[in-house]
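What TrEMBL annotates here:
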{"type": "DOMAIN", "residues": "29-177", "note": "domain '3-oxo-5-alpha-steroid 4-dehydrogenase C-terminal'"}
{"type": "TRANSMEM", "residues": "32-50", "note": "transmembrane segment"}
{"type": "TRANSMEM", "residues": "62-84", "note": "transmembrane segment"}
{"type": "TRANSMEM", "residues": "124-147", "note": "transmembrane segment"}
Amino acid sequence: PNRVLLGGFALHYLHRALIFPFLIRQGKPTPFFTFLLALLFCVYNGYLQGRSLSNYAEYPSGWLKGPCFIAGFIGWLVGMAINIHSDHILRNLRKPGETGYKIPRGGMFEYVSGANFFGEILEWFGFALACCTIESLAFALCTLFILGSRAKQHHQWYLEKFEDYPKDRKILIPFVY
């Protein structure tokens, strides 16, 4: 179980660090302080998750067939797929040479303004359920608070920017919030 869980964690960051940056077209530059805080968080969290799963977390022999792991792994997998698909939608809002902003449509964006954030939050709560460690739960909660506030800001911006923004679209959790 420890190797499978570490593999899932590494797969996310392999995509986020090596694949995702090459897919991004021109965008706004990230402020250095924001970059530094994100880097420090990722380094510390990577150490925390890696240390927990490689040195401390112990699982019974049937853990990979148990309901916590299976439900958590499915949540992690679905969340990662939503996150990647939502990022794809955002990257392709503008055609090459276009400027200006557009309303994201398709996928989970039909239900929430922060579809990419929803996917990542689902991914890490699934991971926490699959791991059942305090470290993975702490990471999921940090993700919820950080990305939840960003989703709220994005939603408010969309409502102010676009008169035709879907009024029934929620902020982060489909049909709820």
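Glycine residues also receive a Cβ, built from the backbone N, Cα and C atoms like all the rest.
Unlike curated entries, TrEMBL annotations are predicted automatically.
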Query - Same-chain residues near the transmembrane segment (62-84), Cβ under 8 Å, at least 6 residues beyond its ends - result: 1, 4, 8, 11-12, 15, 107-108, 115-116, 118-132
Query raised in the report: Looking only at the domain '3-oxo-5-alpha-steroid 4-dehydrogenase C-terminal' (29-177), what are its DSSP counts of helix, strand and coil residues?
Result: 102 helix, 2 strand, 45 coil
**Report entry** Mean of the pLDDT scores, which run from 0 to 100, over the domain '3-oxo-5-alpha-steroid 4-dehydrogenase C-terminal' (29-177)
**Finding:** 96
